[in-house]
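Worksheet for the structure shown next.
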Amino acid sequence: MKYSILTLFPNIIKSYISESIIKKALEREKIELEIIDIRDFTTLPHNQVDEYQFGGGRGMVLMCDPVVSAIESVKTENSIVVLTSPQGKTWNQNLAKSFATEYNHIIIVCGHYEGFDERILKYIDVEISIGDYVLTGGELPSLIMLDSITRILPGVINTESHEQESFENNLLDYPVYTKPHDYRGDKVPEVLLSGHHANIQKWRDEQQLISTFNKRPDLIDESKLNKIQIQLLENLRKSKGDK
């Protein structure tokens, strides 16, 4: 997998990839990553890349030429060009999976200022949002995409870790505990200390469903439940009065 991140603030990206799982993926040559400074593609004095908007209004707008030139400098026939934008599709685990399996080169353009010149969208394949809130720029969304896609790629983390993570089956993760067994009277569930693997797995399956039902019920309909979870879901709905 190759990533090209187009940004006005390359040091933000460099700082993140010097740590964490991305650093390991780079060292193991599981991914390639290039950081493109959009300012390198302006022909204006003082590396200017933004201008006031036509028609008046607050905020500066990124101009077409530096952004489009930066895209064209790295784009190939097999690339997908992503713009981080509050107007885009909301990023989730299913999108991360599809990007990880369907594309070999992902170009991420980080948004900034009041926005982009609308004509830039002609050079964009998909707009992605990470939520309905305002950020200073697109660097954080780009890193979220980078991290969530990369950890899915073969050889980056082990298969068991994937299977146990939240959202892998559209369910939240089960509770986890470590030492001490008793912390201020709050004890670890005895089943986890029993050594009985079947009972432990049953408990974890149940807890996944209970957690999702209570915290993110919107995920339930998209999940693949086993027989125990289906029965438990029926009981949970009955106790809540759902039909």
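Each Cβ is built from the backbone N, Cα and C atoms, and glycine gets one as well.
Model, not experiment: these values are computed from the prediction.
Listed by Swiss-Prot as binding S-adenosyl-L-methionine are I130, G131, D132, Y133, V134, L135; the candidate from G111, G155 that the record includes in that site is G111. Neighbour counts were taken at the CB atom with a 10 A radius for the binding-site residues I130, V134, L135; the maximum falls on I130. Across the binding-site residues listed here (G111, G131), the residue whose Cβ sits among the most other Cβ atoms within 10 Å is G111. Under DSSP, G131 (S-adenosyl-L-methionine binding site) is assigned to coil, being neither helix nor strand in the three-state scheme.
Across the residues annotated as binding S-adenosyl-L-methionine (G111, I130, G131, D132, Y133, V134, L135), the widest Cα-Cα separation comes to 15 Å.
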